[in-house]
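Worksheet: the structure to be examined is printed underneath.
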Amino acid sequence: MTNPAIIKPKDRIEWIDNLRVVAIISVIMAHIAGQGVYNLKDTTLAHWSVANLFESFRFPIFIMISGTVLLNRDYSILPFLKKRLTKILVPFLLFSFVYITLSYNQEKTFYNLDIANFVTYALLKLKNGSFYHLWYVYVLIGLYFMTPILRVYVKNASQNNLLYLLIIWLVFNAVTASYFGTYVPNLELSLFAIFPGYFILGYYLSNYPIASKKIGWALFLTGIMGTFSGALYYAYAFNEVNEAFYNHRSITVMLQSIGIYILLYNSTVTNPAIATVRNLISRHSYTIYLSHALIIIIMMRLGLTWNFIHPIIGILAGTIVCLAVSLFLSILLKNIPVVGRYF
């Protein structure tokens, strides 16, 4: 049962734009809140709890959106890879150079620049991502190479077969990411890796949608509160941060991801002004993602940190400012001759 509204390549799909905007806002918010979360010992538990709440919005919706869009179409392999890789690699390499330059200047100094040393440093940085948020691009590139293969599978798989795969994926990752993961036998289940699973999950939920918004709210709130309360308990009990609660393999993160997807599926925005802003943010979401960490650095140096005045104010105001400045930067880059076509 393929949803025909999904597979028209040139159509903009409103609810996907809504998902994309919620995704980029949650990423920015979590990265600003992370300033407080990962400085537990330098703040009060009350302020840390506020940061933890905002950090708990950790759903990897971008991966699910990619699965929704890409796995619902057929491709010629080489044209598909050329188009997709060109589109993401040019902006990625540009911003990678910026982040590499910044980190090199912190660790070394450009007053005594050694070109050979810088090149070696840059290549090592590029191996895993030159900044903390760029892991996503490496995941996306891997998924692009897998897409033509996965498309053949999902196109021919029954709903029950897809559901079987997703249940095994969810259980395997949730258990291995939990306390009980230590006791799980070393089974060869690499087929059920976390991000291909989210990728296929996006396809599944778009073709076999769950109509009940009550289920969406139940999953979303359970996931958010599970992440928040689990991380809070651990911080209170052991006075340290346990990143497992925010991990994409965590059952609570999986639940909130499914929940937010259900809630925004087929959602609409009736206000024309809000819809215009939504479309603009959605269209520039990739460049916003690449640039937002740079903007956060600048904001921190200017004093607009996560706990500016109060954590609630600092995180919310910081998210709005970062989103606005990143969007403005993306629009500027888009209007640069020649280079702009990649943004």
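Each residue, glycine too, has its Cβ placed from N, Cα and C.
If you look up TrEMBL, you'll see 14-330 marked as domain 'Acyltransferase 3'.
Non-local neighbours of the transmembrane segment (21-37) in the same chain are 43, 47-48, 50-55, 57-59, 61-62, 65, 132-133, 231, 241, 260, 264, 278, 281-282, 285, 288-289, 292-293, 296, 300, 305-307, 311, 314-316, 318-319, 322-323, 326; each lies 6+ residues outside the stretch with a CB under 8 Å from one of its CB atoms. Residues or ranges marked as transmembrane segment by TrEMBL: 21-37 (among others).
The transmembrane segment annotation in TrEMBL covers 57-73 (among others).
Among the features that TrEMBL reports, transmembrane segment is placed at 85-104 (among others).
Within the same chain, residues 62-63, 66-67, 70-71, 73-75, 77, 80-81, 84-85, 88-89, 92, 128-129, 162, 195-196, 199-200, 203-204, 289-290 sit at least 6 positions outside the transmembrane segment (135-154) and bring their C-beta atoms closer than 8 Å to a C-beta of that stretch. Per TrEMBL, transmembrane segment is recorded for 135-154 (among others).
The transmembrane segment feature in TrEMBL is assigned to 161-181 (among others).
The transmembrane segment feature in TrEMBL is assigned to 187-205 (among others).
Outside the transmembrane segment (217-236) by six or more residues, the chain places 37, 40, 45, 48-49, 52-53, 55-59, 242, 245-246, 250-260, 262-263 with a CB less than 8 A from a CB of the stretch. Annotated transmembrane segment per TrEMBL: 217-236 (among others), in sequence order.
The annotation transmembrane segment is assigned in TrEMBL to 248-265 (among others).
The feature transmembrane segment is assigned by TrEMBL to 286-306 (among others). A Cβ distance under 8 Å defines the sequence-distant neighbours of the transmembrane segment (286-306), meaning residues of its chain 6+ beyond its ends; these are 24, 27-28, 31-36, 51, 62, 88, 91-92, 95, 98-99, 102, 131-134, 136-137, 314-315, 317-318, 321-323, 325-327, 329-330, 333-334, 343.
Feature annotation from TrEMBL assigns transmembrane segment to 312-333 (among others).
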Best-contacting stretch, by C-beta pairs under 8 Å, relative to the transmembrane segment (57-73) and drawn from 85-104, 161-181, 187-205, 248-265: 187-205
Distal contacts, the transmembrane segment (161-181) - CB-CB under 8 A, six or more residues away: 154, 189, 192, 194, 197, 200-201, 203-204, 208, 244, 247, 249-251, 254
